[in-house]
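Annotations per Swiss-Prot:
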type    : residues               : note
BINDING : 96, 161, 176, 177, 194 : alpha-D-glucose 1-phosphate binding site
C-alpha cells in the first residue's frame, strides 16, 4: 500500500472540552484510562497497514508530541513513518484558516511522499474503521473523493455536514451544518452526516486546494468549500461507515464525537456498559499507545475498611486501599485511600485522593491532589462555587489542582 498517505488533522483547540484542553490540544486529551484521543485515528491507519502518516498539529501540542515520540515512533523502518508536523506558516505568519488550508500549507509533504491516494482524517472521535475497506470502495467507484458517513438523529445533525446520495452511493447534495437538516428519504428521524474523513485522488486534491487557496472569499474548509464545489461533477461518493467490518467485533457503526464534556463522559460510561458497544480488548484489532513501565494495579483492604470495586477499569500503577469504587475509570498511577467512595467518574491519572472522600459524576484531570474528607458531586450549587460544572452536572477538576489543601 505504498500509494497511500495518511494526513491526520490534530490541531483542534477543543474549546468545548475546557478545562481539559486548557493546557493541551484536543487530540492529546486522555481517554479510557490508558489512551489519548489521537490513538484511535492512528490505530485505524496502522491496523489497515497504512504506515505513511503525517499528523498536523497546531494549538498546545507539546503533550501530543511527547506522547507520539514515546508511543508512535517508527522512524528507521524503511519507507514508513508517523511524523507530527507543526504549523509551518508557509503562507505567512498565520495559523491554519480551515481544514483545507491545513492540508494546502503542507502540500510539499504530499509531493514528497508521492502517493496515489491521500486519506485525510480527524483525530478526536472514538471509533474503529478499517480504512482499507473505504479505499477499496473509493477505487471500485472510480471516485475522485470519497466521504465516510453515518446516520445521525435529525435533532443532532445540524452540527455536521448533511449529505444526500443516489442509489449508487454518489453524492447529490451536501450542506455544511444546516439549520434545518434534510432527513434520509424514508427515514424521517435521521440524517446522513459526514464523519469528516476523506479519501482523495492525489491529483484531484492538489488541484482543488490550489484553486481554493486563490479565492479570497473562501473559508478554505473541506465541508464549506471543497465538497460543495466537487460533488456536482459526479465524482464524489459516500462510504457507509456501518458496512465497515472490524475482525473480532460483533458491533459495527460505533462512532462518538467527544467534543463536549457530556459526550466525553458518556463515551467513558459506554466502555463500562454490560454489552459495551466499543471494546478495548479485541486481539484482532489491537489498540496501540504509550504504556509507561508501571507495576500492576494494587487493590487491598485497609485496617478498618474493605475494598469494594465494581464495574470499573483500573490502570497500571494504581494503588487502591479500602475504597469503594463503582462504574468509574481510573488512569495510570491513581492512588485512592480508605473509606473513599467514587462513582460514575473518570480519573485521568497521576491523581491522589485522600481518605473519607465522596466523589460522584466527576472528571478529574492529571496531577490532582484531593484532601481527605472532600465531597464532590453531591451538591451542585456548592460545586459551582468551586469547580467547573457542565450543564449536565458533571464536575471537572482541572489539571494540577489542589483540592481542600
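Even glycines carry a Cβ here, placed using N, Cα and C.
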Using Cβ atoms only, which residues of the same chain lie under 8 Å from residue 176 (alpha-D-glucose 1-phosphate binding site) while being at least 6 residues apart in sequence?
161, 162, 221, 223, 224, 227, 228
Sorted by position, what residues of the same chain at least six away from residue 194 (alpha-D-glucose 1-phosphate binding site) have a C-beta under 8 A from it?
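Those within reach of residue 194 (alpha-D-glucose 1-phosphate binding site), by Cβ under 8 Å and sequence separation of 6 or more, are 147, 148, 149, 160, 161, 162, 163, 174, 223, 227.
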Looking only at DSSP and grouping its letters into three states, which state does residue 176 (alpha-D-glucose 1-phosphate binding site) belong to?
strand
These are the binding-site residues: 161, 177. Which one scores highest on other Cβ atoms within 10 Å?
161
